[in-house]
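These features come from TrEMBL:
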TRANSMEM  12-34  transmembrane segment
TRANSMEM  54-75  transmembrane segment
TRANSMEM  82-101  transmembrane segment
TRANSMEM  139-164  transmembrane segment
TRANSMEM  201-221  transmembrane segment
TRANSMEM  241-259  transmembrane segment
TRANSMEM  271-296  transmembrane segment
TRANSMEM  302-324  transmembrane segment
TRANSMEM  336-356  transmembrane segment
TRANSMEM  362-380  transmembrane segment
Amino acid sequence: MKDVQKQQAIPDAYRVFVLISITNLLVSLDHGIIPAASVQIQSTLKLSNQELGVLGSLVYAGTVVMGFMASFIFLKYNPLRVIEISMITMILSLFVFTLQFDTAWPYYLSRFITGAAQAPLIVYFPVWVDTFGQDSKTVWLTILQGGVPFGVFVGYVLASVIAAQWNQNIDVRPYVKDSNKTYEKMPYFQLIKLTLQSRSYVVMTIVLGMLYFSVTGIQFWISNYLVTVLCFNQGLVNTLFSLDSITGPTLGCVLGGLVTQHYGGYDSKNAYYITCIAAVLGSLASICVTITSNLWAITGFIWLLLFFGGALVPIMTGIVLSSVNQGMRSFANSNTTTYVNLFGYLPAPIVYGYLSSISPNLGYYCLMYCPSVGCLMILWTTYHERRRDYFVEDKSIDSMEMHPPSARSSVMQIIHNFHNQSDDLVKEVLEFHSTPINNITTTLYYEKQL
């Protein structure tokens with residue numbers, strides 16, 4: 001009966017996943033439209049670089065604010081109702097952004113509300129995949145994460161085309177709450193303390209923030225930098241960066257997910273080694289961007305950075321989810337999303353805008369060297385995870401936790417003596433068997449020796 005129910009649940013889960021993936025892609029369109037039209041928006045609203053950076057960061061500020069509340073919203077309310085309200089709110093806020101106002105504050109408010117409405121979707125979708133994806137959860141999470149850069153690319157291309165013309169009944173099953181009952185009554189900071197006990201969770205969350213800080217800054221400012229500072233043709237820059245935006249992170253995300261799935265999924269320890277390889281190659285590519293002034297070389301190295309960054313996202317997201325207990329995953333992922341938006345998405349446009357006002361290249365270097373710091377943190381975590389596994393395996397064999405050194409040596413000596421005596425007994429029995437005596441005598445002799 002359970003097998004029949006499981007077979008019936010798989011098509012339902014697949015249909016829901018398709019719907020979630022399409023929604024995730026459409027939500028990501030928003031993050032590609034504003035950067036592509038940044039020159040026109042800045043000119044129309046008469047914004048400075050810092051004011052334009054604030055406009056770009058407000059969507060992430062809204063996600064941060066709602067991220068704090070989302071930690072408990074999904075523990076106390078039906079996720080389906082939360083998703084419905086979020087999507088309606090997001091549609092209304094996007095509609096307001098298309099209207100014309102004499103002042104800029106309605107646009108600021110619209111971007112803030114849009115980010116707040118996106119937060120529950122960003123939090124819930126990966127948790128749903130982890131819960132109902134079963135054996136396909138690594139691939140599904142890869143597709144879900146791959147939809148983000150693809151949606152950004154589509155939004156960027158559509159906005160680029162428009163800007164160029166301008167110049168010229170499915171039941172979404174809620175997250176399982178049975179295991180959450182233990183955590184519903186716990187204080188917020190006690191829950192935070194539980195999540196912070198996992199080294200993998202803490203480090204991967206920090207590195208995700210660094211990765212998105214760099215990628216968001218590149219996405220928002222790279223076209224502006226290449227056109228205004230390095231004086232390249234805007235049409236060529238938009239074309240090359242559009243190709244980078246779609247092929248780099250999308251192929252990286254897909255390939256990273258498939259390779260991880262092949263070597264055991266993000267639940268396995270191989271995921272840490274794959275993460276190390278991608279992090280090292282991505283950081284090397286980001287460093288190479290800063291040592292060339294050729295447009296084709298710059299966009300080529302940016303492609304490599306986005307490719308390996310895209311490969312890292314599904315793996316690190318999976319490690320974040322698998323590093324905490326099942327009942328805490330919605331809470332933990334909510335806090336990860338909040339952190340990523342607070343220290344990744346949110347500050348990137350503002351920090352770059354401020355640093356570029358000091359020196360045109362300062363913000364550029366900040367974005368490109370940030371992945372190297374994250375790479376070192378990943379290598380450090382993988383080393384400690386490997387070392388911890390080694391000691392756990394060693395303890396399970398030698399019972400180091402159960403016995404003090406003196407007792408352990410005594411136990412091992414007893415085992416060693418018993419092993420030697422057993423070998424001598426076996427030799428005697430084999431020698432006795434080689435003599436032509438009957439089975440009864442053999443049995444009596446064996447019982448006497450035992």
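Placed from the backbone N, Cα and C atoms, the Cβ positions cover glycine too.
Curation does not apply to TrEMBL; its annotations are automatic.
Counting Cβ pairs under 8 Å to the transmembrane segment (362-380), the top-ranked stretch among 12-34, 54-75, 82-101, 201-221, 302-324 is 201-221. Packing against the transmembrane segment (12-34) from elsewhere in the chain are residues 41, 55-56, 59, 87, 90, 94, 114, 118, 121, 125, 128-129, 132-134, 140, 143-144, 147-159, 170-173, 219-220, 245: each is 6 or more residues past its ends and has a CB under 8 Å from a CB in it. Among the recorded stretches 82-101, 271-296, 302-324, the one sharing the largest number of Cβ pairs closer than 8 Å with the transmembrane segment (201-221) is 302-324.
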